[in-house]
């Protein structure tokens, strides 16, 4: 298509420099040859006419580009109003909602499978910590990567590739038998799913008219909550069902928690299938000078909506859309450059990386610098408190349970047992300075049992299953351990004489007893469900109250909620306050995501969202790590940290501009 602005490019901004002849010369240099003219002109600071024309073209092009983008934004808003809000947007809403749901599920998967996976994969505390950490780190990388690419390659294409990566590696992780492969597959799965949030909001916003944007983007946020509920319900229903699995010898085990990992990938698969029927964002196509493709998609949106409303005769009247000339001719030229396919691919990839990094750097340009700084502070403060408390609440509940459990421990001191047959399980007991002569321990379970300074002589241990059981500073003589899981690590500073271990259980084994506390599912379910009222209220009032007031108010109210923890610190109080905190903070999240979409132009929208979402995941790592380190130490520091972060973010949010009546740039 011919450039519509080619003919009038010189008709603007001409007052700065009057037209000059090609070989015009200054009076000072008259009479000299050509070389002398160039030298003396440069020496005396007189610009060459070609330089003047180049500067003039750049100045005019910059003004023309800004004018074109403004005109495109206004025309695009008029077109979306003409297309209306109907069947097409609701279909896209479901498809993109499933992608957002998959992101919500990803945040819960590792937490739910860890109690079973740590037994199945023989995980140490350090390995468990790394597994939890890699989820957010991989999503951080994915957000930055896919957000940047979506502005250069396309929203739909990047989202499909990201979801495909997530599905493939989530599937492979369910079959991984070793810790290394499981960690690697979850890392790649997280990089894939990390791209959903930046792309989904950018993609959906470009099909919405101004008066529908805030409300419907807020409704879309609800799918993250649905993801949490879905993960809680399926984990609760699948993981404790130990019969839902199979094994192939001792080398390949497929337990119920692996079934849950597969089921958790279903929302991503469903969204990926749905995206195959959805078009690319027409706004992205127009930004990249693909006028005809954009026109066809907008006509499809128009016809789909009005046909569903019973008005198929309504005609799409737009004949021409102002598509600005792109400044990325270099990238287009490289695509058709000569060379081997590998060389062309390498050059294209390198150029694409440069374009993405240039786009990231442009977020700190003069016109976007303060918006980026304010949004970075708000995203970081909100994520630091939200994810920090989300980890701290369940950990504190477990700590309170452990303290209550320890308070009920039974202590046996100096007991003497000879020829006694233990045929009952031992739990939460401490045995000090006991003597056990010719005793038998057969087919029992030892849970949280400790023997200290005790003597075992001519005893027989058979078919023993133990959890948190140790022998410390004991003397063991002429004793047989047959088919037990009592390994060397469980005997601390013990003296052994003529002791035999036969058919010991090697490796890690998943217990068939209840291994997963129902509380972990219940707390996550209630926290996700508590989001519903806040989501509904924020969606209904996003346009009436405004994004800025919702963000600032919700963050300040959330800060106040944390102080109630000083008043009561029982398990029920923590669960109640977690629900209250989640219900209020979701309104802030909704407002933050809507404002992020509206503050940035189309060419930088997904990039900005990706950078800010990556910062959010970094804050989540820091918050969860810092808050977890204070469990059982003090409650004051986590409460004060979250309070300070929320107040800081809330006050900064009140400085943001009101974007309710702003046309998407």
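Start at 1 and count along the chain as shown; that gives each residue its number.
Each residue, glycine too, has its Cβ placed from N, Cα and C.
Heads up, TrEMBL stuff is auto-annotated, nobody curated it.
Taken from TrEMBL, the feature compositional bias 'Polar residues' covers 1-10. If you look up TrEMBL, you'll see 92-660 marked as domain 'Major facilitator superfamily (MFS) profile'. Annotated region 'Disordered' per TrEMBL: 1-45, in sequence order. Here TrEMBL flags 90-117, 129-146, 158-176, 182-204, 216-239, 259-278, 368-389, 519-541, 548-567, 573-595, 607-630, 636-654 as transmembrane segment.
Proximity of distant same-chain residues to the transmembrane segment (519-541), defined by a Cβ-Cβ separation under 8 Å and at least 6 residues beyond the stretch ends, is recorded for 108, 111-112, 115, 215-216, 218-219, 221-222, 225-229, 231-233, 235-236, 390, 393-394, 397-398, 401, 550, 554, 575, 578-580, 582-587, 590-591. Same-chain residues lying 6 or more positions outside the transmembrane segment (259-278) and placing a CB less than 8 Å from one of its CB atoms are 91-92, 94-96, 98-99, 101-102, 105-106, 109, 112-113, 156, 159-160, 163-164, 166-167, 170-171, 173-174, 193, 227, 230-231, 234-235, 238-239, 244-245. If one looks beyond the transmembrane segment (548-567) by at least 6 residues along the same chain, the residues whose Cβ comes under 8 Å of a Cβ in the stretch are 378, 381-382, 385, 389, 534, 538, 541-542, 573-574, 577, 580-581, 584-585, 587-588, 590-592, 595, 635-636, 639, 642-643, 646-647, 649-651, 653-654, 656-658. Counted over residue pairs 6 or more apart, the CB atoms of the transmembrane segment (90-117) and the transmembrane segment (573-595) come under 8 Å in fewer than three pairs, which marks the two as apart. Between the transmembrane segment (129-146) and the stretches 158-176, 216-239, 368-389, 573-595, 607-630, the greatest number of Cβ pairs separated by less than 8 Å involves 607-630.
Same-chain neighbours of the transmembrane segment (158-176): 99, 102, 106, 142, 146, 149-150, 182, 184-186, 188-196, 199-200, 203, 254, 258-259, 261-262, 264-265, 268-269, 271-272, 275-276, counting only residues six or more beyond its ends whose CB sits under 8 Å from a CB of the stretch. Annotation: stretch 216-239 has the most Cβ pairs under 8 Å to the transmembrane segment (573-595), among 182-204, 216-239, 607-630. By number of Cβ pairs under 8 Å, the transmembrane segment (368-389) is matched best by 607-630 from the list 182-204, 216-239, 607-630.
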